[in-house]
Every structure is written in C-alpha cells, then in structure tokens.
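S.K.: Can you read through this structure? Questions will come right after.
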Amino acid sequence: MNGDLILLGHGSGGKLSHQLLDQLIIPSLSGVSLTGQNDAAVVDHEGSRLAFTTDSYVVDPIFFPGGNIGDLAVNGTVNDLAMVGARPLHMSVGLIIEEGFSRSDLSVILASMRSAADLAGVAIVTGDTKVVPRGKADRIFINTSGIGILEHQLHISGSGARVGDKIIINGTIGDHGIAVLAARYGLELVAGIQSDTAALYGLVAELLPEGEYLHVLRDPTRGGVATTLKEIALQSNVTISLQEAALPVKSPVSGVCSILGLDPLHIANEGKLVAVVAADAAERVLAIMRRHPLGLDAAVIGEVVDASAGKMVMETVVGGIRGVDMLTGEQLPRIC
Amino acid sequence: MGQERIRVQVEGIVQGVGFRPFVYRLARRHQLTGWVRNTSRGVLLEAEGSNQQLDLFYSALNDDAPPLAAITSIIRSIIATEDSRDFSILPSSSGGGELQISPDCDVCPDCLAELFDPGDRRYQYPFINCTNCGPRYSIITGVPYDRQATTMADFPMCDDCRAEYENPADRRFHAQPNACPVCGPRLYLITATGEKVAGDPVAEAIRLLKSGKIVAVKGTGGYHLAVDPFNGPAVAELRHRKKRNEKPFALMVRDLTQAGVLARLDPIEERLLAGPEKPIVLLCKREGNGIAPQVAPANDYLGLMLASTPLHHLLLRDFIALVMTSGNVSDEPVAYRDREAVESLAGIADYFLGHDRRVHCRNDDSVIRVFQGKPIFLRRSRGYVPRSIRLHEAQKQVLAVGAELKGAICLTRGDHAFMSQHLGDLKNEPNLQFLDQTVSHLRQVLSVNPKVVAHDLHPDYQSTAYAQASSQLLVPVQHHHAHMAACMAENGLEGVVLGVVFDGTGYGPDGTIWGGEFLLGDYRNFRRVGHFSQVPLPGGDAAVREPWRMALSHCHAVFGSDAFSLKLPVFSVLADGDKRLLQRMLEQGLNSPLTSSCGRLFDGAAALIGLRSNVSYEGQAAIELEALAEKGSTEWHYPYAIVATDEKFTLDCRYIIDGLVNDLLAGEAGANMALRFHKAVAAATADICVKAGKAHGVNRVVLSGGVFQNKLLSGEVHDRLVAKGFLVFSHRLVPPNDGGLALGQAVIAGRSDACV
Ligand SMILES: [Fe+3]
Ligand SMILES: [Mg+2]
Ligand SMILES: [Zn+2]
Ligand SMILES: [Zn+2]
C-alpha cells in the first residue's frame, strides 16, 4: 500500500479519518488538541460566546427516502452548532455543481434547503456557486458553514463525561445510513425506512435550562453511535459501557442490517444526538426528550463506568462484554 | 548383575514436548542415575544402572516417548561408569536462555497412592503433590521459582512438611507447593449465594452431582462446570444456563478403561490421555455408551480427559465420567478468582466446590485430536504452557500478539519461543484484559523485555489495536504468512518453502479477504503463487455465522441470478424480499468483500448438502461435513479447474460447486457428496502444489490454517503430496488454527529488519 495516498477510508469518520486529522490536518493548520475537538468551535467575541462550524456534503445519491442533500446540508450544520449548545443564527452555502446537472433537481434541493433553514430558525446570509466540468465532481457537492450563539454559561464538550453519567439517545439508530444505502443500491425495502434528517436545536433548547447536568452532546453521524461514543471516551478519558438490549433500532432497520451483516452501531444518523448527563438528571432528561417530537423513542443506552483508558464496551444480549471500536474503513470480516 | 553407563543422542522434534521430564521419570522408574539435557541438535543423556534396567529404559525411550515427540534418530554408545548418585535435568549446553517455568502437571502415581492410603497423613487430601507433580505455571507469581513466588506463600509449612521440603532424600525436597491437611489449602463447598454446605465438601459435592445439580469445581487453571453426563435433563439445563446451544461439552473420565468404554482409542490417543499434561482428546464416540445426547449433540466425537488433580480423582471415585466444561460465561475467560467465579457463574452453577489456594494464572484445558497417528493441537494451553518451542536461530526478543478469535501471544528469548495459554475471543473485553495480564506476567516470569511487537495486518483486530497502543517498534504481519511461518518455525525449516494455508478469513495485503492460499516464501518474504477463486462474502462476518450465505455466493458464482431459483432446500427458506436484497449485495458488492477462503467454501458445501444453515460456533458446519464424508464411499471426485496466469494458479471452485449441485438435484447421498467434495479440494490442492512446485523449484510444503484440523482433508492432501515426491510438514507443537499464529508472527518479526 502506498502511504502517500488518501484512501476512501480517510473520509469514513473512523480510525483512518482520525489519523489523517491528528497526523496531518490539525498539526498543519492549527494547534487544536484532540480534547478540544468538538462539532463546532466556541469563540469569545466582545463578551458573547459564538459557535462556528463548517461541513461539506457529498452524499450519494442526492435524493433518498426522507430527504435530500439540501436539507441534510442545512440540518447537519445546524446540529453541529446545537451540539455545543449554540442557537444557530446565520449560515453560508457553497455549491459545487457538475456540468450537465439538472436545473429542476437543483431547484428541488434549494427549496428543501430553504424550508429546512426556516424550520431551524437559521438565516442563509451568504453563498457561492461554482460549476466544474463533467466528471470533476459528482452532480452536486454542498458546503455549509454556520454561526450560532451560546445564550448560557455551560461548557458542553466531548471531554465532559464523568464516571456515573448516563448515555441517552433521542431515538432509533441507523435510519439515515440504511435509507441512503437503500437508495444507492436500489433496494426496494420494507416500507418505512426513512432518513431521520432533522434540526436538533429545538430539542437541545429544551434541555439547556438549568443544564449543569448536561456534560456532552454529540450527533452520531458518520461512523454511527459507536464512533461518536468512542470519541467521547477518548476525549474524556473514560470507559463507556453500552447495553445492547437497550439500543433503540426500528425493526425494518435491524432486519435489513441483519441481512446485510451490518451493525447499526456503526451506521450514520442525521437527526440523533447522544447526551451524556449526570445520573440523577437522567430521568428528567429522558422525560424532556420524550415530550419532544424528535425524542419520542429516547432511551438510556449506557453509562460511564470507569475513569481510564478511553475505552468502549457493550454488554451483549447473551451476557458477554464485547469491546466496541470505531472502524478503520468499512466493516471488515474478522473471524478466521 | 553388571553395572553399565550409556550415552544416548536423540534427534528430531524432542524439545518443547516434555521429553526431559519424561526421561527423568523413566530413569527414576528404572533406578538409573545420570543426567539429561537439551542440545542444539536434540536431547543428550547419560544413564547408569544395571544392564537389564538400561535395556528396558532404552527401548522405552523410543516406544513410550511423549506423543508430541517425533524422533528421527536415536544413537546409543557405551561409556565408562561414573558412579553418579542421582538423575538430574541439566541446563542446556548452549547456556543462557534456560530459565524455564514448568507447565502444570497431573498428580503422580506416588502421590496418588498416598491419596488413597488410609494410613497416610495426606489420605484424601486434595492438594497432595511432590517435586514430580502438581500445579506450577498457574500458581507462579514471580521469579525465581520458589514458594514465596507462588500462591502457596499464603500457607506457612508445618514442621512435618518443612522437614520433607528440606530433606534432599525426600521426594518433596523443594516441592514448592508442598502441603498437608495441617498447614495447606482447604476445600469448601458453598451454594450460589455463598452459604457454606455442612459436611465433607467432596462427599456432599458427589451427592449433589448425583442428584443432577451443576457444581462449579475449582481446578488447576480455573473453574470447571461439572454435571452428571448420564443425566440428560441436567446436561440440558447446563446448556440452557450457559447459553451454549450445540458446542460439545468435554468429559472427565475416571481412567483409561472407562475412556475405552465411552470411545474408541488407539495407542497414541491412550498415551496422550494418560500423559502428565492431561489434555482433552477428541475421540470417536462408541454408540450406546449411555452418555446423554445433550453432551455432544450431532457429533461423532467426544472430548475426553482423565482426572488430573487429586480433587478430580476424589470426585471421580463415584462417577464413570463427569461433564467438565470451562467455567465461563459464553465467550468470556474461564473464571479463576473465587469471588468473581461466584459472581459470574452464580446463574449457572448451583454449588461451588472451591478452595483457598489462589490460581494466579488462569489456564484453560488443552484440546488435541489425533490423525494418522499424529497428534494435532486444537488448543494448546494447560499442561503444555509455558513450555518453549526451540527456534532454529536465536533472535532478538519479540512479543507477538496473535489474531483475534483464538487469542494467544508469543514471547521469544534467544532461540526459545514461549506461546501463552489460550486467551479466548479478544472481541470480548475481559479476554483482552486477560491478554494484557498475560503479556505482563510472561514478561516478568521469563525475564524478557521485548522492544519489537508483531501483530496481524487486520486493522480492526483488538490485538492490532493493543499492539498499536504499545508505542514499541511494530512489525505488521500478513495473516497467512504468519500461519506458514509458524509451521516452518516449529519444524525448524529455513529457506524457501511452499505454504498451503487454508483457513476461514484473514486480511490480505490487497484489501480482500484471503483464506485458500498458496504462498511461496521464507520468514522474510512471501509471494502469493496460488489461491482459491474469489467469491463475495455476503454480509461479512454474518457469512460465518450463516453458512447458507456462502452456499448462495458460490452458487451465484456458477449460475448467476438463476441461483435464486435453484430447487434446493437451503434457499427455499429465504423470503423473496431477502432474495432481492441478497442479489443486490452479491452483484453490487454491498458489504460483500471478495474472499478466497477455503473454510467458507466448506461452509457453503455443508449448507448446500443441507447439514446446517446457521452455526452456533465457528467451523461447526465444516466439522459436520467432514463427519458426513467419513461415512461416504466413492472413488470419484468433483471436477475442478486450475487457471494459470503470470505464474499464479487459481483454483476455479465453480466446477466443484456445479458438480455438487448436480448431485444434489439428482438426489445423491449426502455422505458421498461430502466425500467427493473433500477429495476434489484435496486433488486440486495437490495439483496446484505440483504446478507451483515445478514453476518455482520447491519441493517442501508446509500445511497450516484452521482448515487442516480436518482429518480427512489433511490426510488426503498429505498422501497426495507425498506421492508426488514432496516433503510435507504439518503442525505438531502449536495449533494449525489462529491459536498458533503468534509463533509465526514472532519469527517473522525476529527475522525482519526491525530485529537486525
Ligand atoms: Fe487464520
Ligand atoms: Mg458534522
Ligand atoms: Zn507427586
Ligand atoms: Zn503440613
């Protein structure tokens, strides 16, 4: 293997992505430490705390059950702001369009961006459009950046998990990844698997009042819940223990996963957040979530058990304790 | 009667097989004096005594040698007598690197006689031992090996024991675990909630077992779960509680005679069973032996071991046999600390027969299978670990961390390689911790501090992550190269050989999944000169648990989308929606990496024949396919094709599958199909070896990988290769499966630039 080449796996969100980030991108561009890596940067400006983030969207296919690349690009950036507890204010949109792309498809995408922005209460205030020759891009790529404001004094960060904390998720896992996979491979699936793409600030806002109990918020996108929780374990230097039986998975999703041989824990979500909260607040957080339309299936899925090692384990339904890790690239067979 | 002294030079595989302790015992039995030691060429010994005893001794050296030994030459010469006083094991002539720790050993005949002698002060004392027997590796906490560096440090010796311990003429002279009922460890019997059961613990445990209860019994390396194997409902209850559906349970049998009643034994199997290591030996079941079918369902084999500790002997006075399965929760490591054992096994065992001698280093039972008179390890652990494997050359110290599903590590020191005990499936967190403890423990007791760590190329193995976290110099090793090197190393091979490596799956350097490989190379380099044709592995690891997926994949390779409409039972259960999904997976490569796996080909054939669509343990379908084939009778085998491109030979498996499907549709007997399949794979394998051997000028072949646990295939391949003039080497000292992988990794790293 040629070590100089960037592989697809370097963009998977798993181990290779982290290596690229830690070994090349971060040292080259700034001095942000691993423990400082959150979904959005929080910067102080004249007494206000502002959050700033950016994200690029290259999803294939661009239309899938439950959404398209447009609302995904808005919700994704809104959610990255929300995960540091910021109310999203303004967004930029950069479009890279391949020569020959359909005008009507573009207008559908733009319309859903607009309505997603309205729903999230964010204003698209600036943008850029480039068209590249055929074959130099795949139909359309979208970059969005966002600015939000923190209207509280909380420090919600990936390094905030403490022993005893509970891990809560606002609903079922794997919906987005499986919906996209189904669309990409033309799988006529059992009806009802849709992307969960949604803006999460509304739900986060419900959690923020008297929010000292709120230690970490993170959206488990690429790499799924496993990768996100492993990142938190590393950043907080704790061990996280999951309960397999407690993971909420829609039955068609788990059915498709079992045929495909995929683990829902490693599948992307676009409208989910994991909250790491103080144990005595867990019931309250759960109740708040379940009252919200985006948290009806909220569940406690695990807890922080040990202040060491940055590990993640899962108690399986057969009673064992399995190590869970982020993946290097795709899910590879490993049984000899 | 004349007194004489002989010198004997023994060559072959005689190191790392317990040869010196064997010579020592034999010499003592014949009242001989002298010494034995390892040399660079084998074992050298001198023995002195009466002519008659010397003759008996000399013929037993060959005839009763440890079954793992393979003696290639034995030369005797008569030398001048020396009037030596005792018989001793001397350090090896190479000097250095000699500090070795003994494996745990069964109870010796002398101690056993005392155990059942009502007049002896250790009558029925379950911790009786002497310098020739008893626990070693499992109780050692540090070095040098003396009582303070064992878990026996908790028990100050009484005056009687100390007198024995300090008397050079006593057979308990410096027996570190020496103990008696006055000063030593004590048994107890408690309920699952920790309450003491009144009465004699052994007698009560026997009574409870007789009444169908499940009793956790503390052995040498950890807990076993015991139940009466003639009591079907009790065995079924153990299966239910242990969540173990079909994997056979091992039996502990009172003696060889009883073993012979339950199963068919050949002389090698008898010697393995009765040897001091006391492994589990897989034996052909005798029909109508009365053992409940739940012990080893749908299986022609029984795993038997003989009692190895005094406690086992006391328990088995009242049983022909007991189920003795590892005391663990599903795939976790065997429980060995008393409190943890009660906590983790409370849902399984009704009672705990424990004691207060701590197990420092847990160690599961070893498992061996014999074919063509040769023993082969399926699992190398208690009784054999930490015996070293002698390497052809000394090398820098290396730690090799093995693979994942069958964890075992290897440490090297000089020209010795030390394989650890079986560590289990490293995906389970407790097993990974066990690996970490084992690395530290072995580093300490072997006094090594390796700066080079070898690991598998697989990026997601837990062992790989462990190595990467170590901040040592790393040597990544390709999985099948490691298998091949392990077989080379234990056979002392140098230079270029042809490696035939068949297993389930291993990560290939090209990113595909390998497993039916013909490699040309040595310890430093290898080249893939042949392999099985690639098919998608639909669903990755799910295809291992569900062999029907491989049946489908191989049929799809032959028939394309028509495979879905084949009138075969294995596909009839699939829903139409699932079929469409599977077709997309196969045709578009959705979570279906390409694999050349041989093990998965066997799975596919087993599923096609209708043996099983799902397995409850890895390799189950292939094991059953082999058992079925043994009942077959056919001269013919399925056709195959070998495609040659750029000096690389690909076995096109489609013809084999096509032949099998034709038989299936024609209603051929399953046993014949299974046999034709085995023979086809063996014939194709030999054919590729001939072609590759000719193309590259090699005539030595090593056979490795878990598939070579298959007796029938190994035998067929071996015979065909020998008939073609090849020198064929197999595993003898470590398992052919991933449990032996670390040895190959260690030697490859030791010969790599990292160690130059
Ligand atoms: Fe292997
Ligand atoms: Mg993001
Ligand atoms: Zn003894
Ligand atoms: Zn004593």
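These residue numbers are counts, starting from 1, taken along the chain as shown.
Keep in mind that glycine also has a Cβ here, set from the backbone N, Cα and C atoms.
Okay, these came from TrEMBL:
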type	residues	note
ACT_SITE	B:ARG20	active site
ACT_SITE	B:ASN38	active site
DOMAIN	B:5-91	domain 'Acylphosphatase-like'
DOMAIN	B:199-383	domain 'YrdC-like'
S.K.: May I ask for the distance between B:ASN38 (active site) and B:ARG20 (active site), taken between their Cα atoms and rounded to an integer number of Å?
M.R.: 8
S.K.: When secondary structure is assigned with DSSP, how many helix, strand and coil residues does the domain 'Acylphosphatase-like' (B:5-91) contain?
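M.R.: DSSP classes over the domain 'Acylphosphatase-like' (B:5-91) add up to 24 helix, 37 strand, 26 coil.
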S.K.: On the 0 to 100 scale, where does the mean pLDDT of the domain 'YrdC-like' (B:199-383) fall?
M.R.: 93
S.K.: Let me know how many other Cβ atoms fall within 10 Å of the Cβ of B:ASN38 (active site).
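M.R.: A 10 Å sphere around the Cβ of B:ASN38 (active site) contains 24 other Cβ atoms.
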S.K.: Would you mind listing, in sequence order, the residues at least six apart from B:ARG20 (active site) in the same chain with a Cβ closer than 8 Å to its Cβ?
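M.R.: When sequence neighbours closer than 6 are ignored, B:ARG20 (active site) has B:VAL36, B:ARG37, B:ASN38, B:VAL43, B:ILE89 within Cβ distance under 8 Å.
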